[in-house]
Structures are given as C-alpha cells and as structure tokens.
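Copied from TrEMBL, the annotated features are:
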ACT_SITE  A:K207  active site, proton acceptor
BINDING   A:G12, A:S13, A:G14, A:N15, A:W16, A:G17, A:F99, A:A156, A:R271, A:K300, A:Q302  NAD(+) binding site
BINDING   A:K122, A:R271, A:N272  substrate binding site
DOMAIN    A:8-175  domain 'Glycerol-3-phosphate dehydrogenase NAD-dependent N-terminal'
DOMAIN    A:196-343  domain 'Glycerol-3-phosphate dehydrogenase NAD-dependent C-terminal'
There are 2 protein chains.
Amino acid sequence: MASTLKRVSIVGSGNWGSTIAKIVGTNVLSNPKFDQKVKMYVYEEIVDGRKLTEIINTQHENIKYLPGHKLPENVVAVPDVVEVAHDADIIIFVLPHQFMANTCKPLMGKLKSDAFGVSLCKGFYIADDGKIDLISNMVRNLLKIECLVVMGANIAGEVAAGQFCEATIGSRNREQGLLLKEVLQTDFFRIVVRHDVEVVEACGALKNIVALGAGFCDGLNYGDNTKAAVIRLGLMEVMKFCDIFYKSSEHRTFFESCGVADLVTTCYGGRNRRVAEAFARALGEKTIDELEKELLNGQKVQGPEAAREVNIMLKAHNYENDFPLLTSIYKICVREIPVTQLIDNLRNHPEHL
Amino acid sequence: MASTLKRVSIVGSGNWGSTIAKIVGTNVLSNPKFDQKVKMYVYEEIVDGRKLTEIINTQHENIKYLPGHKLPENVVAVPDVVEVAHDADIIIFVLPHQFMANTCKPLMGKLKSDAFGVSLCKGFYIADDGKIDLISNMVRNLLKIECLVVMGANIAGEVAAGQFCEATIGSRNREQGLLLKEVLQTDFFRIVVRHDVEVVEACGALKNIVALGAGFCDGLNYGDNTKAAVIRLGLMEVMKFCDIFYKSSEHRTFFESCGVADLVTTCYGGRNRRVAEAFARALGEKTIDELEKELLNGQKVQGPEAAREVNIMLKAHNYENDFPLLTSIYKICVREIPVTQLIDNLRNHPEHL
C-alpha cells in the first residue's frame, strides 16, 4: 500500500526552502494521501564544526538559514540530490535560479516517469544556445517531467512566522495543481491555482525590473502619482510581454498574488527598489554593482540581470520601442542613458495613444 | 462661427478644481476646437478682505486653495453656477461629492441639450429613496445630460506641479471620451479612455475602503505579505462588486490608473490608511471620528462612510458573506468586531476556495 502514497521531496534548504519544508512537513502529517517522510536536499556545509544535515536531523532546525524555527521531525535532511528525488512523486525546487541547471543535471533519467516538478525559483535561464527561457522549461527539457510553479508576495521570514499571505500555483494540469495546493496551503498560506504557468512564472522574474523603475522614481524624488504611473506602465508591459512571448490569453492571472501583489510589494519594499533609489541619487557616479556591494552585504539584486535578458529578447524581435519602460530601465542600468531621462521616455507610451 | 467652438466650464475651485482649471485653460488656447474662455464656478468667499473671484480674476491665482500656481488668464472665476454652465458644451464637476446635489439643482433645465457633464468626484450618493448610487448617475438623472468621469492616482499638488502621472476617462460614448481627452491630456497628465464609466467611477469610491484595511494591517504591525494580500483581496472584492452591481463585462479597466494605480497609492499613502493605522494602534480606545479630528486638522476620511454605504448595498442583496473584507472593514469601523479579527475573517475567503 505504501507505494500509493505520494512522496514529496524538497530540493533546496535556504530560508525559503526551509520555510517550505516546515509547511510541507506539517501538511503531509495530517493528509492521508501523502507519505509522511519528506526528504530535503541540503547542500552540505560545516556549521559550527558540524555537518548542516546532522544539525537539521538532530536539532530539527536549519540554524544557518532559518534560525529560530523548528522543522517537523518528518523532514529529513539529505546531502545527495539523487537520493532525495529519485523516488519522489512531487519534487519542489527552491533554490537560487543560477544553481538550478547544475542541481538538475545529476537527476536526468533518474526520476519516476510520472513525477512532476515544482519551481519556486524566480528568474530566467540562459540556455546553451543563448536563448532566454523560463526555469520551468529547463526542468521540463532536462528532466522530461511536467513542472509547476509557485509565485507570490512571499517574504520567507514572514511566511515562516505564520503571517497571513497568499501565493499562486501555475499548473497546466488542474489535478496536479490541486494536489500541490493540498501540499502547500495552510490557514495562513492561502493558494490560488491558475493554468497559465508561464505567466505565473514570468511575473516573478519581471517584477524585479519594474521595481528598479520604482526605485529610480524614489531616488529622483518624484511623488506618489509618478511612481504609481511607472508601476502601472510596468504592469502593462509585463502583460504585453506575456501576450507576445507566452501567448497568455486572459489577464485574470495578473490580478493574482504572483501578479499585482508581488509587483507592488517589490516596488514599495525590496532590494531592487532600494539599490535603484541609491543609483538614481548617485546620478551616474556609481554603478549598480558598486551599490549592491555597498548596501546589500553580499546579497544580489536580480533586476539588472533580468533587464538585460529581457532586452536580448526584445531586441531580437525588434520590440524595444513597444516596451519603453523595460527598455529604458535596461539602458539606465548599463548607463547608456541617464536616469533623469526615464520619464521623458514614457511621455509617448503606447498605452496613452 | 463662434457657436461651433466647444465651450468648457468648470464647476468647483478647490485644489483639484483649480489644478484642472490650469490644465484646461492651457489646453484650449492651443486647440482650435475650443472656445478660449473657460468659466470656473467659485463658491464666493472673502479672503484677506477681498472676494475670492476678484482675486482669481486679477491675480490669476487661487491663493486659498492652490497657492503658488498661476492660472491662465483665460480662466475666469464666476460666483454664479448657472452663469458658468448654461452655455457650456462640457461641464466639469470637481467638488467634494457631498456638495454635488445642491450644486446641480440650480442647473436643472438650464443646460444646452447636447452638453455633457464630467464628474471628478469620488464617492457615492444617497438618493432620496435611500438607494446608493454613483455621482454620474445623479448628474444624468438631475440634469438629463450624459456624464463622463475622470479618476486616477492624482494628488492635486503633484499634478499642479507638472509631475508625470496618468488618469482614466470613463465614457460610454467614444467620441465624447476622445474630445474630453483633448481637453485634459498634457505631456505630463496622460490619459486612457475606457467605456465602462461605472467601473471607472466605482473604483474611485471603493479604494478608500480597501485603504482602511491596509491601514489596519500597518497598525497591527503585520508585514508586507499580509498587507499585499489584503490589498489584493480588496481588489478582488472591488471587481466582484462591479460585476454584480454594474455588470462590468471585462476586467481590463481595473488595470488602469483608476484601478490598481489609485488603489495602491491610496493603500500606501493617503489619509484613510493613516487614520486606520492609528485606529488599530488604539485597539478600540478611540473612534475613527476622534482620530480624524486628532490627525487631519479638519479634513475628512471618506472610507468609513463609503464602507457604510457599500454595506447597505451588500446587506440588502444578502451578499455580506461574499465580501468578507469589505464587510469586516465596515464592522471594524463601527466597532461591531475588534480590528484584531480582520485576518481571521479572511482565512476562508471565496478567492481561495
């Protein structure tokens, strides 16, 4: 009978991964559809003289990346990603997107044929041929399994603390989406399932670019109206981008947590906004790289890289003029135009014609 | 030939009205479709020992409500509303919504039959039969003319200063909407015309209720995720409200400046948010009325009254349970439930089923 129980595994154990492990580990205990053991892939490292996997498996706490939160004892840290994923039915990938390809490669050909993946990674992926693609497509292509996504306005620390919030599952297959909802939803982590997985995922990557625009407004001391206009024009360009590149047919998904909610939170808080504000205040005297080092203590902002990747796509299809905000933000980041030109480039936005 | 020129008049001269007068007065000068004289109705009062109309007509500045900004000399202040409106083709109403009915009544039967009105008033109107209606419907019913609306993320001072922003025109008649766009659009005040006038207008009234919810989150020290969820659920309920009461058929309008942009600006800045935050921090020891007096120096918050009006509509149609956020905000305002119950009332929101 054990084989009919669905096994959920988690690949990644940073602060978002550990938060998800806490939720998943708790949920499977009370749901008879699922195997109670949840394996979590932990990139092995030594913390205070002990292996991190050992610490997690004895103290039931990821003391390095999510200190102060107990993990359920049925969450088992494992340092071998194949061991974690090979017998799983649902494999949740939650790690920085730049590590995804190398983490997936050892899993090629090793997974159950009816397993499905779930990506919580925000960002694009540059394929070997130089093409920009979504992380979920990389998983599909490399591992030959379907891949769902989960995006939303979810700061890990707040979710771990049980603060009420929402997230969006993107799943082409309704049944898989609803099964994943059972794995993730709690009374404080509320989930909506949408079918257009590419839109859900693209929102998560594109919002960081718009947040740079919002930060530029703050750094230039523009008022609330101007910032609201920049955020809204950003949303319009995100929607148009999805219409063109991902053939999104309906706009409802942009109203979900992955859309407006995550966008707005990122544009009012968040690292990208902060670095962009400092960049505008420096008026060309500092690069984004310099400010990142100065302000973020080793953390990275993803907006400038996403802006570059999106610009490659827009340029390749001769769409730069149709996306004046995304194009201007890219050009400001690489100092091709001064930040003070941002608004002038929006005065004849296609939205207002 | 003069009679073929369109005459634009403005009813109202507060800080938003004066800002609009500045824009309209400038635009008609360079557009051969329009009569260059713009009459502006000014409620006569004595300022520094002189009539306000005289001050405006000699100094070309509304020193009381928009000090520091010159009005174009073709804007003429007139203390008689009938004189202002009787020969106008476009009558722009821009005054606090509670003054609309009494300002319109003298105009009944006095207007050109093919004139149209434009309402910039945010809020509902309680008809004599106790029914809640939109201001534009009151104009239609009282004055027997079509009524357009203009809404958006538009703080008057920022618009008067020429800061870049957007607004939404709602107009059933496309030709009238585009004509109004010519009257209002400048290189910093960018306009989109939408056909579903009731939705455009309802957004402007309902956002203040959602902003109370956002303020409660701030006052209860909830994080960014929770606030984002409350704002998003607010947007969902605004959309559902428009679907039910105004038969809105498409959701595109909610992405306009009148929708997400105005909502978000109001939920992060704005008076309603501020008073609601203070209300939550006082944990039931002070009423909204008391805090309004304490914090706003005579200004009013419109959210609590709008929440009450909306609740009358929801209750009358047995919809309270379908709108848990709007209903809870109303009940918190009248202290029927404690503010700390807000989130518990959202845990089974219809959006998450």
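Cβ atoms here come from the backbone N, Cα and C positions, even for glycine.
Known features from TrEMBL, placed on the structure.
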| residue | record | DSSP (3 states) |
| --- | --- | --- |
| A:G12 | NAD(+) binding site | coil |
| A:F99 | NAD(+) binding site | helix |
| A:K122 | substrate binding site | coil |
| A:K207 | active site, proton acceptor | helix |
| A:R271 | NAD(+) binding site | helix |
| A:Q302 | NAD(+) binding site | coil |
Determine, to the nearest whole angstrom, how far the Cα atom of A:R271 (NAD(+) binding site) is from the Cα atom of A:K122 (substrate binding site). 14
Candidates A:G12, A:G14, A:F99, A:Q302, namely the binding-site residues, that fall within 10 Å of A:K122 (substrate binding site) by Cα distance: A:Q302
Sparsest Cβ environment (other Cβ within 10 Å) among binding-site residues A:N272, A:Q302 belongs to A:Q302
What is the total of other Cβ atoms whose distance to the Cβ of A:G12 (NAD(+) binding site) is within 10 Å? 26
If you measure from the C-alpha of A:N272 (substrate binding site), which of the binding-site residues A:G12, A:G14, A:W16, A:F99, A:Q302 fall inside 10 Å? A:Q302
Largest inter-residue Cα distance among A:G12, A:S13, A:G14, A:N15, A:W16, A:G17, A:F99, A:A156, A:R271, A:K300, A:Q302 [record-listed NAD(+) binders, Å]: 22
Excluding near sequence neighbours, so keeping only residues 6 or more apart in the same chain, what lies with its CB under 8 A of A:G14 (NAD(+) binding site)? A:Y65, A:V94, A:L95, A:P96
All chains considered, the count of other Cβ atoms within 10 Å of the Cβ of A:K122 (substrate binding site) is 22
Across the whole of the domain 'Glycerol-3-phosphate dehydrogenase NAD-dependent C-terminal' (A:196-343), what does the mean pLDDT come to? Round it, please. 95
